[in-house]
Ligand SMILES: Nc1ncnc2c1ncn2[C@@H]1O[C@H](COP(=O)(O)OP(=O)(O)O)[C@@H](O)[C@H]1O
Ligand SMILES: [Mg+2]
């Protein structure tokens, strides 16, 4: 197990910049999610670390070794693909043992480690099956066992769960996290699903247009987004209209910051609350969803969203005048960007 | 009442086609077992012509040459064709589309023309006639068949399998041997069988390119017929047809023309 260090990586395809001066460190044993919209360069970054794609400039270090010039098969990585990519002509055990055979560990050692890896993913009894005899979730586990059985320095996963349906995906997330903890392997996980990133990772990197816009623990990024993009890509944000700022307690300078509040930080009342920041609003819609409810309101013409326990909300008809309020510490101060 | 007419007509049509295709062959095969040298009936079973044929050194020599050339063609065309298919599948290069399109006309160009053109060309570059020329000609004819069958199989190959193998530490050769080739193996086998059959059944190109002294079996049969027909020819032709049909049957089953899994 090793840390992975990416320094000043740039990669262009023709005139398009897929990666633009990316520097990021993946700590030893950490679970790191690369999060970003489609086309932001996540796959390219992962494939560059794996060695399927070579950067135009910059350095990559896996453990103590510089690997820019090292081919994939010599980088000692584990990789999991969205399509599972199990070898259709080999049994489950032969699939899992492939990397061990390539490394010539010997038949007995291979058998022992394959059995161990299959037990780890709870498929101990499925070694003799062929891939086409397995369900999607089972193939996923085989692919994971195959990727980690060689004890690689780093595990790379490119949206591995996006082919699974919702319930199975959640199960696999829990499973993946358990196995990652058990094995302690440095893991880099690409996803465009913010919920998945929050569930799994202990660090997040947000990509946009080939650049890392922010990296940190999920809580850091969620509570202190450094850009409007980060604020809206990880979680949702209600932006304070400039006209409404007067009289509010704000954690920053309004010429350099924009301010926002998360939906769950807001409280909805029919009268003006005595303390905290409050703005008058018009209730547009209230969506009941079991324990929680979502309210859509308008503040100075801006659409806002508010999430609260249903029982905490006053009974009010759509169109009523209401107040939205929040504690001043919950205000996000987001640096204004030059562009966008 | 008019509806059953068409299927009925269709079936009759199909039956007619099969009759015209196979009746001559069946008659020939039957006559190869008939004792009379003048195709006289009643039919009297005999393996005399097969025995005669087996004693005929010319036929034996031509048979061995034909099988030898067909095997060599098969090996060379399969190796080159498989390599070419993988290259066409894996790499993008300028002129790739043109090259892929150019692979098909040789299948459609009349062999008479191909044979003439090859003869002229081989003389121009100094190879001339003879077994090497025949072999080169056969390989050239067989190559498109191999490329088409192997490419058909490759088109359903998932390249992430190769990436997965490389990520697991396999070098290029291991990836090819353990992952890519096993997947395209049915296509390779089918292509090899086609290549064998194209060479073994080849008359026109062999006729143009072979030296008078070293004929292949089809060429020998043709010259024998011109001198005077003997039932031995029926015997050897029956054997050729049985072998060729067997091979074609295997090849079409292996390639399944469109490729299920
Ligand atoms: N092989 C390639 N050839 C050309 N452009 C590519 C290639 N791979 C990626 N790109 C481009 O690079 C950008 C980043 O792509 P990618 O890394 O796949 O993004 P993501 O995985 O975040 O969706 C996109 O604009 C994409 O079109
Ligand atoms: Mg991607």
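Placed from the backbone N, Cα and C atoms, the Cβ positions cover glycine too.
The structure displayed is predicted, hence computed values, not measured ones.
Per TrEMBL, the features are:
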type: DOMAIN; residues: B:63-251; note: domain 'ABC transmembrane type-1'
type: TRANSMEM; residues: B:12-33; note: transmembrane segment
type: TRANSMEM; residues: B:67-89; note: transmembrane segment
type: TRANSMEM; residues: B:101-127; note: transmembrane segment
type: TRANSMEM; residues: B:133-152; note: transmembrane segment
type: TRANSMEM; residues: B:183-209; note: transmembrane segment
type: TRANSMEM; residues: B:229-251; note: transmembrane segment
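Taking pairs at least six residues apart, the transmembrane segment (B:229-251) and the transmembrane segment (B:101-127) share fewer than three Cβ pairs below 8 Å and do not count as touching. Take the transmembrane segment (B:67-89) and the stretches B:12-33, B:101-127, B:133-152, B:183-209: counting Cβ pairs under 8 Å, B:133-152 has the most. Note on the transmembrane segment (B:183-209): residues 66-67, 69-71, 73-74, 77-78, 81-82, 85-86, 111-112, 114-116, 118-119, 122, 129-130, 133-134, 137-138, 141-143, 145-154, 157, 161, 215-219, 222, 240, 243-244, 247-248, 250-252, 254-255, 259 of its chain, located 6 or more positions outside it, place their CB under 8 angstroms from a CB of the stretch.
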